[in-house]
Amino acid sequence: MSNDSEAPKNNASGSDNNLDSTSRSVFTWNDTLKILAQQASVYGVAAGYCISASLLSIINKWAVMEFPYPGALTALQYLTSVLGVLLCGWLKLVEHDSLNLKTMWRFLPAAFMFYVSIFTNSELLLHANVDTFIVFRSVVPIFVAVGETLFLEQPWPSLKTWASLATIFGGSVLYVLTDYQFTVTAYAWAAAYLVSMSIDFVYIKHVVMTIGLNTWGLVLYNNLEALLLFPLELLVMGELNQMKSAVSDGTNRFSIGVVLPVALSCLFGLSISFFGFSCRRAISATGFTVLGIVNKLLTVVINLMIWDKHSTFVGTVGLLICMLGGVLYQQSTTKPKKAETEAKAKAAVTDDEEQQRLLELQATAEKDSAAKHAMAVNPK
């Protein structure tokens, strides 16, 4: 009897063990699949950002060659970004601030500078090659560093940062001296791009610190208000008359050779915003910096391979020196993780010490109160 009665217990115990092992196995597989899915998501976002960033300048160059209206091309890019953000917000893929007239008015100067910087970017690509664009884009941190100190009350850059900025400047001088495609028009637009981008960077940082918009709110306000400035640009730069002349001459601006690069330019402009912000959330600041370096290298390599619109060998060396200076600049302005950890630990210790002092003072006060109460009850 005893054996018979114990058998079911043993069987039950064995089945429980089997269930436990099965549940542990399922739990482990689920964790593994989740980790793999997260890693795949990070790698996918990084790959999307690399592809978008490395091809965007070349696609913009292709688009502006086939559709030589920088203002109209820029407006189409703004329209695509606005519709993309609104659609993603409606689908609950991103969160953006709602639109209101007061915030739009406060944001207008930043949107104006953003429009000017993107417009001069397109004009620079129209009159110069991609290498020239990358060089002048690399020089922007020099002026931004000075602007932040003068207007945002930031401390002057460290000696290490100045050394990196000097490296960028040296590489840019070497590039300019060996640029066989030098034209006054191209470098006038390059200078305008450099000034507008520097002002835009400094002013946008001021807006970010004071206006209180989230990331996608900034994208929405930036692109929408810049889009509203497009009619003014049509009149000032005379693009409307140029388009009318092209139509009267019978030029077909709706052929596949024109529509394709323009559409790709708009789509890649939106994708770099999406993948860029997603990358900033998914990886560290150092990792994002490395991706930026890889993107520029890919742009240079692709530019060398697909057409002859690039610099000489010595000019390419100057371009690479600018990029090296950019790497050094990022490293010199990034706070070491160890220093941040030590600062947090020190703050935690300070908080613990203050809390301990408060507890000691509270205990002393309670003792004094109890002693006074005892004396009042029993004066002897």
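Keep in mind that glycine also has a Cβ here, set from the backbone N, Cα and C atoms.
Unlike curated entries, TrEMBL annotations are predicted automatically.
It should be emphasised that the depicted structure is a prediction, and the values quoted were computed from it without experimental measurement.
If you look up TrEMBL, you'll see 54-329 marked as domain 'Sugar phosphate transporter'.
Under 8 Å from some Cβ of the transmembrane segment (40-59) lie the Cβ atoms of residues 125, 130, 133-134, 261, 264-265, 268-269, 271-272, 274-276, 278-279, 282-283, 287, 291-292, 294-296, 298-299, 302-303, 306, all in the same chain and six or more residues away from its ends. The transmembrane segment annotation in TrEMBL covers 40-59 (among others).
The transmembrane segment annotation in TrEMBL covers 71-91 (among others).
Summarising the annotation, TrEMBL assigns transmembrane segment to 103-120 (among others).
Residues or ranges marked as transmembrane segment by TrEMBL: 132-152 (among others). Listed by sequence, the residues of this chain that lie at least six past the ends of the transmembrane segment (132-152) yet keep a Cβ under 8 A from its Cβ atoms are 57, 61, 121, 124-125, 161, 165, 168-169, 171-172, 175-176, 179, 181, 186, 190, 193-195, 197-199, 201-202, 205-206, 296, 299-300, 311, 318-319, 322-323, 325-326, 329.
Taken from TrEMBL, the feature transmembrane segment applies to 184-204 (among others).
Taking Cβ pairs closer than 8 Å, the transmembrane segment (216-234) reaches residues 71-72, 74-75, 78-79, 81-82, 85-86, 88-89, 94-97, 99, 103-104, 107-108, 110-112, 114-115, 118-119, 204, 207-208, 240, 273, 277 in its own chain, all 6 or more past its ends. The transmembrane segment annotation in TrEMBL covers 216-234 (among others).
Positions annotated as transmembrane segment by TrEMBL: 254-275 (among others).
Feature annotation from TrEMBL assigns transmembrane segment to 282-306 (among others).
Marked as transmembrane segment by TrEMBL: 312-329 (among others).
In terms of C-beta pairs under 8 Å, the stretch of 71-91, 103-120, 312-329 lying closest in packing to the transmembrane segment (184-204) is 103-120. If you average pLDDT over the domain 'Sugar phosphate transporter' (54-329) in this model, you get 81. The listed stretches are 71-91, 103-120, 312-329; of these, 71-91 has the most Cβ pairs under 8 Å to the transmembrane segment (254-275).
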